[in-house]
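Asks: Right, I'll just put the structure down here and ask away after.
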Amino acid sequence: MGAATSALNRRQLDKFEHIRLRPTGKKKYQIKHLIWAGKEMERFGLHERLLESEEGCKKIIEVLYPLEPTGSEGLKSLFNLVCVLFCVHKDKEVKDTEEAVAIVRQCCHLVEKERNAERNTTETSSGQKKNDKGVTVPPGGSQNFPAQQQGNAWIHVPLSPRTLNAWVKAVEEKKFGAEIVPMFQALSEGCTPYDINQMLNVLGDHQGALQIVKEIINEEAAQWDIAHPPPAGPLPAGQLRDPRGSDIAGTTSTVQEQLEWIYTANPRVDVGAIYRRWIILGLQKCVKMYNPVSVLDIRQGPKEAFKDYVDRFYKAIRAEQASGEVKQWMTESLLIQNANPDCKVILKGLGMHPTLEEMLTACQGVGGPSYKAKVMAEMMQNMQSQNMMQQGGQRGRPRPPVKCYNCGKFGHMQRQCPEPRKMRCLKCGKPGHLAKDCRGQVNFFRVWPVDGSETQKFSRRYSWGGANCAPSTESIRPCKEAPAAICRQGEAVEGTKEKTTSSESRLDRGIFFELPLWRRPIKTVYIEGVPIRALLDTGADDTIIKEADLQLSGTWKPKIIGGIGGGLNVKEYSDREVRLEDKILRGTILIGSTPINIIGRNILAPAGAKLVMGQLSEQIPITPVKLKEGARGPFLKQWPLSKEKIKALQEICDQLEKEGKISKIGGENAYNTPVFCIKKKDKSQWRMLVDFRELNKATQDFFEVQLGIPHPSGFEKMTEITVLDIGDAYYSIPLDPEFRKYTAFTIPSVNNQGPGTRYQFNCLPQGWKGSPTIFQNTAASILEEIKKELKPLTIVQYMDDLWVGSQEDEYTHDRLVEQLRMKLSAWGLETPDKKVQKKPPYEWMGYKLWPHKWQISSIELEDKEEWTVNDIQRLVGKLNWAAQLYPGLRTKNLCKLIRGKKNLLETVTWTEEAEAEYAENKEILKTEQEGTYYKPGRPIRAAVQKLEGGQWSYQFKQEGQVLKVGKYTKQKNTHTNEFRVLAGLVQKLCKESLVIWGELPVLELPIEREVWEQWWADYWQVSWIPDWEFVSTPPLVKLWYTLTKEPIPKEDVYYVDGACNRNSREGKAGYITQYGKQRVEKLENTTNQQAELMAIKMALEDSGPNVNIVTDSQYAMGILTAQPTQSDSPLIEQIIALMVQKHQIYLQWVPADKGIGGNEEIDKLVSQGMRKILFLEKIEEAQEEHERYHNNWRNLADTYGLPQIVAKEIVAMCPKCQIKGEPVHGQVDASPGVWQMDCTHLEGKVIIVAVHVASGFIEAEVIPRETGKETAKFLLKILSRWPITQLHTDNGPNFTSQEVAAMCWWGKIEHTTGVPYNPQSQGSIESMNKQLKEIIGKIRDDCQYTETAVLMACHIHNFKRKGGIGGLTPAERLINMITTQLELQHLQTKIQKILNFRVYYREGRDPVWKGPGQLIWKGEGAVVIKGGVELKEYPRRKAKIIKDYEPRKRMGDESNLEGAGGADN
């Protein structure tokens, strides 16, 4: 509140609160209006202190008055409020806002200023007629006149409020979208830097974006100063100086100087245009940041409508900062490339460079029927989440009765208080001073002696946090002593003396009381025998008691203690007895006017009080974690455990609590997760496991910081190596305190002899999804700092495993490793001695490491009589792991054994090929293999070898020694080419080399240069591969056929085709040659694609060594031009074998049904009896329909079942429909109740038109006069026929009339008018006016009267033209929207009723009823419920449905904690 509330004194505030907002209203001004005004000042670059004086208010009025006529409601309210404040400061008696505004207009001479402005405008307009030079208009034709020439002088004309208002509206609506840059260019054309700064200053709510623009301005200004250094020496008298960067930005230059630089300087420097370019650069950067999605990332979803994808694509294109040529290339290549597979198949069939209209037309059905189901599913999900939020909001406790802040009585608010206004402190609540002068704060005190001697300081200790959550502050629970490193017991602090009542004191035995923090830690202490209720404050240095609670005798010294709120005079009594629990201590007591009694550290420290937390380093940063949006924590019951496991869990938890890694909690935490334990590998110890599956579902998603395991072949060769392991890695990193409550778990008691012991984690727990990522990130940041200090060491980290190498001798290396361990220990990361490996071989991540070589840990293949799917999976996994060092391993036939099998325990029958492959692999593994380390600067060579069965093997070598090996299998394609597989293998090699060594290898491939280049010349676009060296290795044999690019002369041409009847599955295939040779065969149980391929096979069989083949099948063309060498299709294999035998083959595709000679003849031969044409008889009817209604081709195609090309041809033959092409119909995103209305003129008559924005449905008629009465009648007609909730019109007098306003009030219609400088405001109605006139022009000859033509045109537009969303007519679309809305409302009602029920359910054979869950759906035999974030299905017999009548309260709600409601609790 600050200065805003101090703008008026008490007397002025009383007068201010008696002024009414409106002359006839009851509401009056309140303090909240002053607070709001203070915050609004920042938007206009004004200080809120200006509200405190009459002169300040006058300055504010001068700024706001030009903007008030066209300003927003908020700006007008601020202007009115400042006028009222001006009158209050001036002691003018006013009753309401209107009187204040009238007084301000007279006092500030605003009326005279308006008259002078009108007079100047009149003189300027008359001067323009007389003076040819007149006003300098910017070249873009903008009406923002920056200056006017009067004689030889230039006078600045500021921007109009309308221009500023349009700029503010544009920014508020577009939010720095791609449209904001052209909008700024249009509005700022010809402006001076002063005008541009004024445009930036009105954007008060976008400080982040303005800061980006400011940084760009500073950079460009610095570049300008470097490129234009100032001249040496002083300037001659009268010469205008050159502008600097700050001058161009308008910070160090006046408006007159800017005008002189622009218009009169020699040479002229257009500082306004230069500054505009700088601002545009900044705005473009803002647009990029506010629209972070790149056009490369715009991809069509599987069920997304193609039109929606196009809209997103072009929106991203507009935000891209690229040239027009680049954007054109992006549109042509990416729009089709990033479409979903369904649309991509359709778009590729359109040929090269299809138009956008053709693409939208072809793909308009994608996402249609299923899109509605998707919307309904999302709505259902939203309703569920809203219902959960509403139910959650009802769990809070009831609000207390209202209390007056002025008099302190209950039952009324401050604004209703009849007593005089009291000036009261907002912090302590006492009268007589303001909050800024308050001295009664409880803060971190520090002693300031009166005599000015040196300040006393108390010793500082580590702050730790231990277990809390006892049910009462008076309950005492013994706890083990904190670690000795934290605080030494019995150590006194600054003159305090400690005395124990007995040797059996709990504090002397190393046990102290624990206090919960769910309420204030207040205890009863005895000071000189007087019981005092005091707050135990570890943050306060001193003990201070209220004068009313304690009166001490004896000598005292005056002191001043300082806090944030100021100094406080106290009395200091030294050496006073204080008894806290069983401890009797002597120390210093301060007596003063404190709001609450405080026991500080001078008493708590000698008493042995400590804040105990786990052994988690306070230096380690805490990573904030939260739940997913709308998710809640786990509420799972603990399942039964055996006595042995309960005892083991209790021992583990006692140790973890002693180390501070977990903390005890009480029943106020409502969350719980089941816990259990298992025996470790050595069977001597237990391991605690917590089932965090439910919490993992609700926790936010994380990204794995480390994406793979470091490979030993990528390590450099080191003379010394050490392998470390961080013990209890997760337990070393603290967990976000706000998230700890969700990790709560319970250890039950045997036979339920007592309540279970509850804990929560203070560190990262095992099994939680966030632990790996947080640990990786935290450990990496710690090691980064250590690496800078221990530069001789090379440290490689993967999770908690560390590989440390160096080139030092053994002694130095061990010393550096010990330093590393000490530094890790200082951060709280321990490295146990038993996990430190100092001698080779080192076991690390499944490898065996030596300083000069590495191996894979021994792998043994089992011999079993019976193998299951799970056994085969484990076997293949072992072989894949071994393949990185053992060359020649194969798994293709082993994988075939489990293809299609899903049950892991299903028995597998071995094939002969798999047994041979298994035996070969066993022989390979018998020979021990080893790899070497990487030598920087030496080239890496990759040798590729082809194995049997389409499998490949490769080796990475360096100086003849093997770094690593691997294997590769062909992709899962039906038709493959080994050269394409080889290209994929090379890509894999290069990617693997870049990941491990960061460089590309020299490739040795089994292929000849000429053979590869012959294939690569035509198929280079299939993938990217690097350059390689062709070496003398066994070449890949050429087993593919040759396709020529030009027809083979003097050879016969075979036109092939095939056809199939879809019902009978019978077909024909054949060919016809240019010399008349032909052959046609009948086929059974075939398809169109198979028939096309069979025709090609027949042509190959009957032709010579050279052949020309022409087909109209893109399917066959696509397969054969890829030159496959093997295929899973027998027919393709036969065609490949025939083509390999040919010397030359020319294969060409032509479009079908285009009248091409041989193709048309063979098509007739194979189509006879197969294909039928059913639409010919409908063409004549369609032509008659179009001559009457002139409907578009979509309507003709749907109504009469015509192909699109036939329907388009009918429209093209009509002379009246060839004025312009067919428009692409698109609809804006609007609700079903939004209409736009406008008046247009035709043949001297007024036509009023209304359009339903979402559907394009129009209502129109001729009205006698353009008046409010006629407009209201027409509006009533629409209201009586269609649902209308919002009406948008322009600012015409008939639309803003009282008749229309009354009709909108009666019909509950929201009426909005057009926005200046916003071309989209009335876009729908303007487009419909144009279309309506075009239709009328086509049918005007058929009717006598204009009124008839208008109604006929409405009928044609609404019922005879299809397009837009769903390919429907506007009438169909409107009815569909209304029906859909009714269905959704009905569905919402059903969902709401269902969600009011709760379900208790049983799972499997578990007799315990669980729940309650939320009922989502109920059928005859099953129900679907929601438990947590999962949807589950249960049989009806295992579910009980009840109605939830009353919301339940949980102890974990924050509203149940004392102190959560404020200081009064």
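Glycine residues also receive a Cβ, built from the backbone N, Cα and C atoms like all the rest.
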Asks: Under Swiss-Prot, the annotation zinc finger belongs to which of these stretches: 402-419, 942-959, 1032-1049?
Replies: 402-419
Asks: When you get a sec, could you say which of 197-244, 677-724, 1253-1300, 1397-1444 is annotated DNA-binding region by Swiss-Prot?
Replies: 1397-1444
Asks: Could you look at D575, D582, D654, D725 and say which one Swiss-Prot places alongside D800, D801 in the Mg(2+) 1 site?
Replies: D725
Asks: Since Swiss-Prot lists E1092, D1112, D1163 for Mg(2+) 2, which candidate among D1052, D1057, D1198 does it give for that site as well?
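Replies: The record-listed residue among the candidates is D1057.
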Asks: Which range is it, out of 26-32, 173-179, 747-753, that shows up in Swiss-Prot as motif 'Nuclear localization signal'?
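Replies: Motif 'Nuclear localization signal', as annotated by Swiss-Prot, spans 26-32.
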Asks: Which of D725, D1112, H1190 has the fewest nearby Cβ atoms, counting only those within 10 Å, among these binding-site residues?
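Replies: Output over binding-site residues D725, D1112, H1190: least Cβ neighbours within 10 Å is D725.
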Asks: Mind checking which residues of the chain, 6+ beyond the ends of the motif 'Nuclear localization signal' (26-32), have their Cβ under 8 Å from one of its Cβ atoms?
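Replies: Same-chain contacts beyond the ends: 5, 13, 16-20, 81, 84, 415.
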Asks: Of the recorded positions listed here (G233, D800, D801, E1092, D1163), which is spatially closest to H1190 (Zn(2+) binding site) when Cα positions are compared?
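Replies: For H1190 (Zn(2+) binding site), the closest Cα among G233, D800, D801, E1092, D1163 is found at D1163.
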Asks: May I ask for the distance between C1214 (Zn(2+) binding site) and D1163 (Mg(2+) 2 binding site), taken between their Cα atoms and rounded to an integer number of Å?
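Replies: Each residue's Cα considered, C1214 (Zn(2+) binding site) and D1163 (Mg(2+) 2 binding site) end up 32 Å apart.
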Asks: Cα of E1092 (Mg(2+) 2 binding site) to Cα of G233 (site 'Cis/trans isomerization of proline peptide bond'): how many Å, rounded?
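Replies: Counting only the Cα atoms, the answer is 89 Å.
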Asks: May I ask which of the binding-site residues D725, D801, D1057, D1163, H1186 is closest to G233 (site 'Cis/trans isomerization of proline peptide bond') if we compare their C-alpha atoms?
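Replies: If we rank D725, D801, D1057, D1163, H1186 by Cα distance to G233 (site 'Cis/trans isomerization of proline peptide bond'), first place goes to D801.
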Asks: Starting from each candidate's C-beta and looking 10 angstroms out, tell me which of the binding-site residues D800, D801, D1057, E1092 has the most other C-beta atoms.
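Replies: In terms of Cβ crowding, the pick is D1057.
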Asks: Looking at the binding-site residues D1057, D1112, D1163, H1186, which has the shortest Cα distance to D725 (Mg(2+) 1 binding site)?
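Replies: In terms of Cα distance, D725 (Mg(2+) 1 binding site) lies closest to D1112.
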Asks: When you average the Cβ positions of D725, D800, D801 for the Mg(2+) 1 site, which other residues in that chain have a Cβ within 8 Å of that mean position?
Replies: L724, I726, A729, Y798, M799, L802, K835
Asks: Please tell me which one of the recorded positions listed here (P234, D1057, D1112, H1186) sits closest to D801 (Mg(2+) 1 binding site), measuring Cα to Cα?
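Replies: Result: the closest of the recorded positions to D801 (Mg(2+) 1 binding site) is D1112.
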Asks: So among P234, D800, H1186, all listed as recorded positions, which is physically nearest to D1163 (Mg(2+) 2 binding site)? Use the C-alpha atoms.
Replies: H1186
Asks: Going by C-alpha positions, which of the recorded positions (P234, D800, H1186) is nearest D1057 (Mg(2+) 2 binding site)?
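Replies: Smallest Cα separation from D1057 (Mg(2+) 2 binding site) among P234, D800, H1186: H1186.
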